[in-house]
Amino acid sequence: MQVNDGPSSHPIFVAPVNGNAQRSSGYVPGRIVPVRSPPPAKAPPPPPLKPPVPPPARPSVFNLSEDGNRREQAQNQQRKNTYICVGIFFGIFLLILILVLSLTSKDVLDENCPHQNPALRSWKPGHDLKKVVVIHSGEHYRLDSSATLYSITIQAGGSVVFADDKKGSKNITLRTRHILIEDGGALHIGAPKCRYRSLATITLVGRSDETAVTEVPGMGRKFLGVNSGGTLELHGSERMSWTFLTRTVPASGLATGDHAFQKNFSRGINLRVVDQDTAEVLVNERFDTHESQDDSKRLGELLKALPAGRIVALATGDSAVKNLVFETKQTIHDLLGSNYISDLKYRDAWALVSVIGGGNGSCTEDVREHENHDTGGKALARQDFFTVDGVGFTVTAYSEWSNGYPTTGFQVDAVDKVVLNLQDDVSSWNPGDRIVVASTDYSMYQAEEFTLLPCPNCNRKQVQIQGKPQFSHVGEILDGVDMRAEVALLSRNILIHGEMENSCYGGNWCQYFSYDTFGGHIKILGNFTSVHLSHIELKHMGQQREKGRYPLNFHRCGDVDQSGGYSNPAYVDSLSIHHSFSRCVTVHATNGLLVKDTVGYDTLGHCFFLKDGIEQRNIFFHNLGLLTRPGTILPTDRNDSMCTEITDRVYKGYIPIPANECKAVSSFWIAHPNNHLISNSAAGSQDAGIWYVFHNSSTGDSHGMISETKAELTPLGTFFNNRVHSNFKAGLFIDRKVKSTNATAADPREYLCLDNSARFRPHESSDPSRPRVAAIIDTLISFKNNDLGAWIRGGDIIIRNSGDGSYPKDEGSSQEVSQSLFIGESRNRGTNGGQNKYWGIGGVDGKMRTLPRNKTFPIRGFQINDGPVRIFDSTFRAFSPTADRFTMAVGFSLKNIWQLTPRNNLSALAFHPSVTLRAFFGRPGDWFEQNDLDGDKNSIFHDLDGSISGYADTYVARADNFLIRHPQCVDMPQWNGVVCSGKYSQVYIQTQAASNLSLSISRDEYPDKPMVLRGIRTKTSPSQQYQPVLMMGKSYTMHWNGPAPRETVLSLINFDQDDWALLGLCYPNETVFQITSDIYNKQNNGFEGIEDYGPVTSIADLEKRQQERKYFFDKSAGLLWLYARARHRRDGNSYCSSAGCERVKIIATIRANQKTETCNCTANAYPKYSKPASNIVPMPKPNTEPCGACGASQFAFSSDPWNSYLQTQIKSLSVKEEQDNDTQAYITVNAQRFDLSQSGFLLVTVDACSGKVTKNSMFSSLDTKMEQFFKTGIMKRSIVLLATRGQPASFAGVAQYLESLGSAKTPDLQNKVAIAFFGFLGQGGPSPQPWSTLLTCQGAKILGLQERFIPLSLEEYSCPPKKDSPTRMDLELLKKIS
């Protein structure tokens, strides 16, 4: 059916009809043609005059009276014309007045508002799911009411606009199977300068098994589609998209945990005593006052002993009055204000919540009489309180008889009381909105959704949530790393969603998903006229069974920025995409798209997804991806079961290997390095947070467009201030490619599965012959990733300002880490549950915490692999092993077969006292297995300055590696390591057709300590390679566990000019050799400088002529001796010389009768060639002075690096701690320490604007001086830090002064043994801050060291304006690359 209300000649709110080709340079999407007043109505002509009667003929004589008559007639006509003009004027005025009055003040015409275009006609199509609507050219409709239609097609010159008004009172829902915007058509909901205020919903309907529903070519079903030349402008109300917590929210909402109790037949009076400052249940007891007068008296005595202010909850169970003595009743009446206790009868249900000393005004109680084993409901008492930190909580007591069963219960909880403190102004978030709080633990499944409640007492940076959190969510910088949870708004006032079935059906992968995954989708095709989307919500979008059906898909759009001729480039801004069934935002063969402030939550498959490996210049700015689950579409989306069970695209019979080919689902899947990531957060994925993967050529629908992408050679785009956490495999992953060929018998793996053969090696202009370009990873925050914080492999890569082949692929490249902070076990201990499988003891503090794998999994701060890698100017904290687990600051890849270069170097490192294991080389056992693979044995690094080992310019290697030792080496038993001086390089020993052999290498100085290597390749490979690290200037023998290989190549790796090693290779004694040297040029894959080796007659002769190309074959020992000597210089990090890779090639001709001999010549070689052990480079003296310049220069690594944070620490001491010989009580401010050496109080104040310490004062007691200090001695806008030592006089008296410094109420400090207080005095007096907190302990408990990172110069502090505001580097970078 076609709807046509007739043509219109009014101005049209659409772009030029022919798409990109006809856009003017000044076209601004969302702007309508200026409103013009309608042309004035033509005035009706005056009534025709009667034809004049000719006067009678008379003489032409001048006559005065006749002339006067003519004047009078003329005046009459003029007056008549004047009346007519006045009438016309008032008519026009009346028309305008009617028009204006017909528009309320809220609808004053605004040229930026599409719904106010006078060309629009009201449209109310009604509800008919069979009605097919086509909007033709010249038809411009304003949808004024909800509608249900089969489909809408907006053709060239047609437009649809959703109605709106200033109050946002519209609530329009459009249900349809699809909306198709064709060339020249337009759909508008709001505009960038006229935000949509009402509620607009587009519901896309349909099932995947509706075969009668025809698919639209290129679009499919259940979609909103934009064809070439179409316009889509959707702009909801501006709202904060996502922000961070600024105060930790504990599980249950209460730091001490909630309390719930319910029991039948708990006879007597049940009691709970609750700390009014913390909500902790202090006493949990039952008193059988029915049976025992002693219990009754004990209850009375306990109540009398409680301090004033303590919360008490009482509830009867079964019967409570038979032996409830009068004195106890009187105590309950006097202390708790009960009015019912004296009149309780047998089996009455009674409940009370009150405050000691609060009298009747603080008492809430209820009683219900017992009759026929029933009380007709609960006796319920409930009161609300708040902690000293301002957290609301409820104490409930209840008692009931029902169906002959008595029930007693208590609850202490924060249900509907939890307030979230947030970093940004969220006054645009409203009650009823849905939000999600990200996990800050290992499991991404600890992300939690909440509904917002009204909160009249909240400030603009606070919201109150319904219910309570199940898990802890960190809201602060811990141990120097920003671990604040992301908090995202899911609700928007423009919603596009798929209408879903209640469960999975048909062929929608129901074996993997129990729910319907056939959602709606939005597809944008190339050469559109205008597409801008902002502040909209996409829910239940994407189709898991169908490729190319994503929540938002820019499909082969080409350049969508100014390079593509768009004066206003396309963008996606502040979208909420959640509960999606296939990705979040797909950028497919599209360049220059800006995606900012967008949330992708709970999706199947890669979330922010670059598809074909040719997408470039796209900008991802301040986006959030969390809870990214596996999907089925691509091998890289799949988990184990999907990988092995979906085999329709592998070669017949092949079963994929999940770890190698699948299991890569990521929140950000970046298929080409020339894209920009700034201030994004990947807060939970089944595999990786951000994965840079490489394509050899364009893939997918773009297959064949670009035969060679050179992605591995392309410089990295901007990477700044991104964060990755709660990901199972890795936070950041830069490695591997996807397979770009179909499955064959030769390679049965599926097209686009993972492939391990890529190495990122960026060069200028993607040309390997031009200089390398370092990839800069600037400001990476990584924490709580199960396996790896970051896995980065390839060319020159530099990581800075961050918190957590047979040859290397790119000659001369290296990876570098600087100005970074590594934390082993942070104070973020996590919450047991939420699919966290492991819960165990921490090594630093001995407290229970979540663990990444199990309790034995080794935790490594900086993991050395391959190389060369360099780390310097970095700090390590909290690496301490347990009895079950090794936790080390510096470690190595587990079960490593690969090479480790001695050029890996470390320097200027700082280790916090909480680091008790600086380095570890593994031991046989869990996770390390036998610890005997080639890479395990050759683990080594260069300690440049001794900051890790204490010996400058030394090498640290595994303790049992005697290829690198000398007698002066220093053993490090705890590390399973040894520290040695010397020069070290590698020889790669490559053999042909002998890959099943093991190689035994002995140094002549330690012949009884050989190293046995298996080789890095499989036993069925055509060649094998062994990669030992050798001390230069020493001699070695090499032996085989089988027949010697016919062809062996020795490659000199990391040799400096004139470095040498004397090598003796074992062969049968009748072997004939052809030995040559050459230089391998990797650039042209050729060999140069080929020279033959000649024989000499003795080892002594060989030693004299080591500069020459000579060899000696000792037939008696079976050893072929020759020098591996570098003749050319090596530059920088190059592993080969400047001339190329120097090699020695040995072709052995072995007699037929000796071809099966096992060539192990050890027995003949020694003691003949044994030598005394010695060092070439003397061991340095140990460092004696601490390195003051070592470590990272920053104290805090935050996700808002333009803001400054103050590191503050408070260590208070109780009397018991002093008795236990702890003598340290102090306050530190950015490492400036103020000691408290005697019993008393220490107060330090800091200017909250500059971070400068303004005062530090010690008081032995709360005397008049200290009181005066509290009253007048603290400057406005001051951070106030308070520590205590011992038990000074008037300890509890300090409480009265803390409320004015940020405490939510006057705390109870009676019986407390230590205090640590972080407070703030605002410009106008008390100004509680999210970081303000009071910590106390009593009895045998201790506070320990308390640390807070406090933000400086917040807007709330009312600091004076600065001359130079901090530079927002993220915005500067965005401006630069946009």
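Each Cβ is built from the backbone N, Cα and C atoms, and glycine gets one as well.
Database features, via Swiss-Prot:
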type	residues	note
DOMAIN	257-414	domain 'GG-type lectin 1'
CARBOHYD	ASN171	N-linked glycosylation site
CARBOHYD	ASN264	N-linked glycosylation site
CARBOHYD	ASN360	N-linked glycosylation site
CARBOHYD	ASN527	N-linked glycosylation site
CARBOHYD	ASN639	N-linked glycosylation site
CARBOHYD	ASN742	N-linked glycosylation site
CARBOHYD	ASN854	N-linked glycosylation site
CARBOHYD	ASN905	N-linked glycosylation site
CARBOHYD	ASN996	N-linked glycosylation site
CARBOHYD	ASN1069	N-linked glycosylation site
CARBOHYD	ASN1160	N-linked glycosylation site
CARBOHYD	ASN1221	N-linked glycosylation site
REPEAT	714-736	repeat 'PbH1 2'
TOPO_DOM	1-82	topological domain 'Cytoplasmic'
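Feature map: annotations from Swiss-Prot on the structure.
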{"residue": "ASN171", "record": "N-linked glycosylation site", "Cβ within 10 Å": "12"}
{"residue": "ASN264", "record": "N-linked glycosylation site", "Cβ within 10 Å": "11"}
{"residue": "ASN360", "record": "N-linked glycosylation site", "Cβ within 10 Å": "12"}
{"residue": "ASN639", "record": "N-linked glycosylation site", "Cβ within 10 Å": "18"}
{"residue": "ASN742", "record": "N-linked glycosylation site", "Cβ within 10 Å": "13"}
{"residue": "ASN854", "record": "N-linked glycosylation site", "Cβ within 10 Å": "14"}
{"residue": "ASN905", "record": "N-linked glycosylation site", "Cβ within 10 Å": "20"}
{"residue": "ASN996", "record": "N-linked glycosylation site", "Cβ within 10 Å": "14"}
{"residue": "ASN1069", "record": "N-linked glycosylation site", "Cβ within 10 Å": "16"}
{"residue": "ASN1221", "record": "N-linked glycosylation site", "Cβ within 10 Å": "6"}
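Mapped onto three states, the DSSP output places ASN905 (N-linked glycosylation site) in strand. Listed as Cβ neighbours of the repeat 'PbH1 2' (714-736) (distance under 8 Å, sequence separation of 6 or more from its ends, same chain) are residues 438-444, 446, 482-483, 617, 626, 663-664, 666-667, 672-694, 754-756, 758-760, 762-764, 766, 773, 775-794, 797, 804, 1199, 1201, 1369-1370, 1373, 1377. Note on the repeat 'PbH1 2' (714-736): DSSP counts are 0 helix, 14 strand, 9 coil.
DSSP assigns ASN171 (N-linked glycosylation site) to a strand. In this structure the alpha carbons, written CA, of ASN639 (N-linked glycosylation site) and ASN854 (N-linked glycosylation site) are 21 Å apart. ASN742 (N-linked glycosylation site) and ASN1221 (N-linked glycosylation site) have their C-alpha atoms 71 Å apart, to the nearest angstrom. There are 19 other CB atoms within 10 A of the CB of ASN527 (N-linked glycosylation site), with all protein chains counted. For ASN1160 (N-linked glycosylation site), other Cβ atoms within 10 Å of its Cβ number 19. Averaged across the topological domain 'Cytoplasmic' (1-82), pLDDT in this predicted model comes to 42.
In the three-state DSSP scheme, ASN854 (N-linked glycosylation site) falls into the coil class. Each residue contributes its Cα atom, and for ASN360 (N-linked glycosylation site) and ASN996 (N-linked glycosylation site) those atoms are 89 Å apart. With respect to ASN854 (N-linked glycosylation site), the closest of these glycosylation sites in Cα terms is ASN905, chosen from ASN905, ASN996, ASN1160. Distance noted between the C-alpha atoms of ASN1069 (N-linked glycosylation site) and ASN905 (N-linked glycosylation site) is 42 Å.
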